[in-house]
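Peer 1: Residues annotated as domain 'PA' in TrEMBL: 91-167. Here TrEMBL flags 1-24 as signal peptide. Feature annotation from TrEMBL assigns transmembrane segment to 194-215, 247-267, 273-304, 316-340, 346-366, 373-391, 428-452, 464-483, 489-508.
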Amino acid sequence: MGSLGASCALCCSLFMIFFTFSFAGDIVHHDNIAPKRPGCENNFVLVKVPTWIDGVESCEYVGVGARFGPTLESKEKRANHTRIAIADPPDCCSLPKNKLTGEIILVHRGQCSFTTKANIAEQAGASAMLIINYRTELFKMVCEANETDVDIGIPTVMLPQDAGENLENHILNNSVVSVQLYSPYRPMVDVAEVFLWLMAVGSILCASYWSAWTARESAIEQEKLLKDASDEYVNAENAGYSAYVEISTAAAISFVVIASCFLVMLYKFMASWFVEVLVVLFCIGGVEGLQTCLVALLSCFRWFQHAAQIFVKVPFFGAVSYLTVAVTPFCIVFAVLWGVYRHVSFAWIGQDILGITLIITVLQIVRIPNLKVGTVLLSCAFLYDIFWVFVSKWWFHESVMIVVARGDKSGEDGIPMLLKIPRLFDPWGGYSIIGFGDIILPGLLVAFSLRYDWLAKKNLRDGYFLWAMTAYGLGLLITYMALNLMDGHGQPALLYIVPFTLGTFLSLGKKRGELKVLWTRGEPKIPCPHIQEDQSTNQ
């Protein structure tokens, strides 16, 4: 919708670059703070605890394994169904009064150390121990510094308070309760990551060609004006608004500074109402993105071309095509329905549709004028990403970026400024996600490369776009490899993408001797008509 659409896309891009990382969900928690020594050196792994009440399958809970004891079975079919018995006394700090013959003992946390409980439970004949935490979250069970008897032969798992109390109540009601304990591995590659890769690369590909096509059409139009009447060209250049927004060097630096401030604000004041505000902003941006992409797509068909070329004046929006007026209600209804039903299992489809169209629209409207601005923007984003995913742990004792993106303090499923796909073949379920910034920021550079190639009349092999696009795809692929090697821990994707994409562009430009032109002048410009007149006079 004209300049208003450009302003909306620019504002949305400000919100979207805050979240620039890939995430799959941690199942192995590496901890370099808790002490390790022989007999007490396990990783803290999540444990599946499916339950059966009187032989009928019931709830499945998730616990966390202890630093000590044997590791758990990873295959569900190899894990035994074992009956649970309540410890007496409940804290299991002394030998239980009830006789155990291979049951799993259910004990309460407190009164003595975890290893003391485990040694007593093993001595009493238990095959494993479930510890009920006195809070709803999980706690990492470690060995005390002065403990020596850590050669424990049974696995120990902690359950959250609500799960443990449910099991305890069933047993007290004379039900037979049995469980399985196993910790499945996450697959090295899930199809969700393949689709996310295709979505990210495809979004940049579509946006780049759209941006290059509009730039070329604009250049052709300017050439026509230049040939027909130079005064008309100058008047059109001065009077008309620009259909896109160019980022300056100062804006590139400010972008990341503002993003950091907003990220901290989200972290400190994260609540459900704040996420609701982000959902509303995302829906507004999503309507603009979906409407822009639909109008552009439908305009390619001759049945809709007439409606796309007839305009009507709308208050606050100016001249709007009939086609835009026709598709906008659909876009609004689509976004509202997603916002209302965003918690249902298939809502990720609507979120991805709104997200992809918004990303494409932003990449088509927002542009970098030269390689200098692109280098400053991506370098700042590179440092921003590393700082808020990794370094922020030293100050805030947790990764600010990951906490905000997951919505840990809001009671919500996370912020909407992400592309997400459920992990279909992962026994732990969950989603693979990628932040919008991981697509938009490098996408600005890739789109610039194609505009430069087209306006400089370079073919695909001699240009920069093919290399930049390939470098982005490889960088994102390396990100997912690192994600899987790190057991699903959130990774700053720009840590891998920026060196590949920007490094390839800079190296290629230097090798071809075009770096200076790319750095300062950027896209080839149409020469000013007054300069041409002066030159012809001198001749």
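Yeah, the Cβs are placed from backbone N, Cα and C, and that goes for glycine too.
All TrEMBL annotations are machine predictions without curation.
Structural setting of the listed features?
Peer 2: Residues 22, 243-244, 296, 352, 356, 359-360, 363-364, 367, 419, 421, 432-434, 438-439, 442-443, 446-447, 449-451, 453-455, 465, 469, 472-473, 476-477, 480, 523 of the same chain, all 6+ positions outside the transmembrane segment (194-215), place their C-beta atoms under 8 angstroms from a C-beta of that stretch.
Among residues of the same chain six or more beyond the transmembrane segment (316-340), those with a C-beta under 8 A of the stretch's C-beta atoms are 1-4, 279-280, 283-284, 286-287, 290-291, 294-295, 298-299, 304, 307-310, 347, 350-351, 353-354.
Same-chain neighbours of the transmembrane segment (346-366): 5-6, 9-10, 12-13, 16, 199, 203-204, 206-208, 210-211, 214, 243-245, 247, 282-283, 285-286, 288-290, 292-294, 334-335, 337-338, 416-422, 431, 436, 439-440, 443-444, 447, counting only residues six or more beyond its ends whose CB sits under 8 Å from a CB of the stretch.
Cβ atoms under 8 Å from those of the transmembrane segment (464-483) belong to residues 22-24, 189, 193, 196-197, 200-201, 204-205, 208, 438, 442-443, 445-446, 449-450, 452-453, 458, 489, 491, 493, 495-501, 503-505, 508-509 of the same chain, restricted to positions at least 6 beyond its ends.
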Peer 1: Across the domain 'PA' (91-167), what are the DSSP residue counts per state (helix, strand, coil)?
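Peer 2: Taking each residue of the domain 'PA' (91-167) in turn, the totals are 18 helix, 14 strand, 45 coil.
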Peer 1: So what's the mean pLDDT when you look at the domain 'PA' (91-167)?
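Peer 2: Mean pLDDT, the domain 'PA' (91-167): 86.
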